[in-house]
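**Q** One structure follows; several queries about it will come next.
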């Protein structure tokens, strides 16, 4: 039977090509992802190992100058004591934080990546082993800095140039003392690194004489673990010490975890490709079996058992799967190479290294390819086995399976109903668990609809038939009828598009809805004309607030300063704001009391918290302040909670009494005469033209919150592209089969006067009808899904309102129609070129 | 473009082939399917083309009906010379001036009998002449089955629908390619009876290729083809007469 299978594969190369393409695409994504991940993590692992090669013990403290809670780090004294331990050959102590470098136009270099500043820690030889200087040398004075090579190149800076560097404080100008290269991961990933003299860095980031990290090198032969035991007792409690090897391991793991997002996206693509591919494969084999009815019947007549017939079909599928998987594997490796170079062209420097192709991707590629193909061919194989031997004797062309769809419809309806119920139920629950239920329901509903799709095809296509007839005449009429002639095949073909469009529509609805409500939230809650924040997302320096307050044309200013407060013995997320101005820059809807009482040293609490704790206006609450001092605060107002306001508001001056350094998240500014170019310029210049500080107008604020959503949608649209690609293959396949089956009909039509143009149009319209049908099913299901997810998010999104992106949905339909047109190019051509005389000759 | 058939004017020619040749292949593999055939098909006449397999009878019909191209000579349908026509014009000619009845696959399975009958007019975008169509349907005796799809009709009924389709658009000439080839003798006789009636009563012109002497006996005239040439002609044929003539050719074929 294997020989028969092989012969069959060779005899239907063209038809099977579509199957091969679908399987190949899926396998390519699977193996490509695995190879890419393996290669990259190997490279990163090598690099980490190299970085910590000569580190015996690494000390890390998470001290941060802007957050006194985090501790004060490791003092110079401790560093010295570590240096004096037996076997220690060198100690390098590090301190780092945010530092942005302005290019000559005042723009931040390396936006979006990490912009880091650190201390230059020369050893006894005057060199810091972590940095290799190509030009100049490390900073030797307080007003000198060194830059990494890429950043210097981007800013076209040369040694001796003056460079503007912004840290959390004001911008300062430094002289460039040198340009270096480094293995630092952040720099590799496209970030920038500024080196300061150690005291400068300490002052900027922590406290004079203190470090965050200490790397200890030891003489050869020293036991790292023993050294670690000696180091630990010397350290402050918040610092952690590990051996260099352990740290390298940990870092590699972190990197892998960081890559898992990309990994998941890629594997999702593979999953979709394979899921959609299953339908294409099943369809192809169904057609092949139908086409071979007589052949199979003959085999049965001469003694082949049912089992042998099924096995022969499965063997054929296995062979096809194997070929497709092998090609897919090759393609996957290329994909991995492409991804790597793609990443570097995005500015990420991926460490070099050999391509790592382990057994895992090879085995999984082959297994996935072969198994998926055989799984998809299983049903057609069983159907083939049911062909009775007598079919060989029958001279009449075997009628296409006219088997009732009843069982199928019942099964489909039940599954769809369960799925829809789960989705609706999940939407009602409106929380995380609800979303899981929606996910499960979506999967079931999709399967159910796919089972039902043949039945759906008739009424839905019947709806458009009048349009087809009136616009396209007889070609439209015939196309409409042809599209539902074999509902199973039409259904399987449309499924590919339905799946893709369900996902894409669902996510578009969610994305646009969330985007819109975030947008609305922004407009509703922000009255300010501008928002000032660090580009790095870190806290702003107090000097920035002072600068903004003094800027000309400013009418109201309030910061949102994260403040530590314990009220009634419980930690309360608190923002310090400017009394009198806060309600001018943000929407504060007072429920009771007056927001103006903030000026009198009272606090305002959000309705939810007030209700939860039973607080009322006039209550006096025992308080613990940031500096651990105890006292009490009186509730002056209760307000409606909003996304932009912490549950507790307190006046800035009161908060400042208890905090060394304010942790300013944002500053909201209202200008005389509203938003204007002059106003924006005044603010920027008041802030010292600091490239690290961004001044955002209302549109920028909206974009900032909407940016994530757009990025997510772009990934989704890439998914759509792939679903469409596979759908094209499916439609081509179905049409080719239809044209083949209807040769005689087409020949007859040509003979009685249907011209080639209209034969083409007939085939093309059939493709478009099938594609649009699939798209429509997907869009309806997707909108339902989007609605359900939206419902479950409702509680987290005040001002939520379902938005249906009609424009985008229209584009999806248009694309689906285009899929039909594209897919029909070749089948329509071959239908129009059909040899009339051969076609109408009786069998 | 509509032409009303003028009944009982047997002198006018509906289709004419002059020195018609059809050659397949080149050089040594060259096969001459039609060898300078000249023949007239007169209006209001029922002509049968007979001949052994490979005699060129189907090729002759295909060339005259504008289904196939030819290598030499000329073909006229009415006033139209076919040799100079492109595919598109040929298609239009077939649509407007010719009716077809094939041996099998005459009907589209998705259309009802009624829709199949008016299909050529639908394709042309013409409104069918309702009265005429009703007359044809009455004559064929299909009134009760117009809403049925081909799968619900017997083979004989399907062929009758095909005859009705050919007649409904009132073409200048109807070509039949073994129209009774797949039918039992009774259904075959019915279909042939309708074809003959259409000639007698409606003045239709019919040309039919067949290898069945009984079928040929329904015609007014039988043309015999052998080796791509017209070798004989018989007016007012009978089944026995045709059979005898065929046997003569067979005998000749065997001895030569």
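Note: Cβ is positioned from N, Cα and C throughout, glycine not excepted.
TrEMBL: automatically predicted annotations, no manual curation.
What TrEMBL records for this protein is below:
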type     : residues  : note
TRANSMEM : A:16-36   : transmembrane segment
DOMAIN   : A:17-232  : domain 'MacB-like periplasmic core'
TRANSMEM : A:265-290 : transmembrane segment
DOMAIN   : A:268-389 : domain 'ABC3 transporter permease C-terminal'
TRANSMEM : A:313-339 : transmembrane segment
TRANSMEM : A:359-379 : transmembrane segment
TRANSMEM : A:436-454 : transmembrane segment
DOMAIN   : A:490-678 : domain 'MacB-like periplasmic core'
TRANSMEM : A:492-514 : transmembrane segment
TRANSMEM : A:715-740 : transmembrane segment
DOMAIN   : A:718-835 : domain 'ABC3 transporter permease C-terminal'
TRANSMEM : A:767-789 : transmembrane segment
TRANSMEM : A:809-828 : transmembrane segment
**Q** Per the 3+ Cβ pairs under 8 Å rule, pairs at least 6 apart in sequence, do the transmembrane segment (A:359-379) and the transmembrane segment (A:436-454) touch?
**A** no
**Q** Using DSSP, tally how many residues of the domain 'ABC3 transporter permease C-terminal' (A:718-835) sit in helix, strand and coil.
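**A** Residue counts for the domain 'ABC3 transporter permease C-terminal' (A:718-835) by secondary structure: 101 helix, 0 strand, 17 coil.
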**Q** Tell me the residue counts in helix, strand and coil for the domain 'ABC3 transporter permease C-terminal' (A:268-389), as DSSP assigns them.
**A** 101 helix, 0 strand, 21 coil
**Q** In the same chain, which residue numbers or ranges, 6 or more beyond the ends of the transmembrane segment (A:436-454), come under 8 angstroms Cβ to Cβ?
**A** 279, 405, 408-409, 411-427, 429, 487-488, 490-492, 494-495, 498-499, 502, 506, 774, 777, 781, 784-785, 788-789, 792
**Q** Restricting to the domain 'MacB-like periplasmic core' (A:490-678), report the mean pLDDT as a whole number.
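**A** Reported value for the domain 'MacB-like periplasmic core' (A:490-678) is a mean pLDDT of 86.
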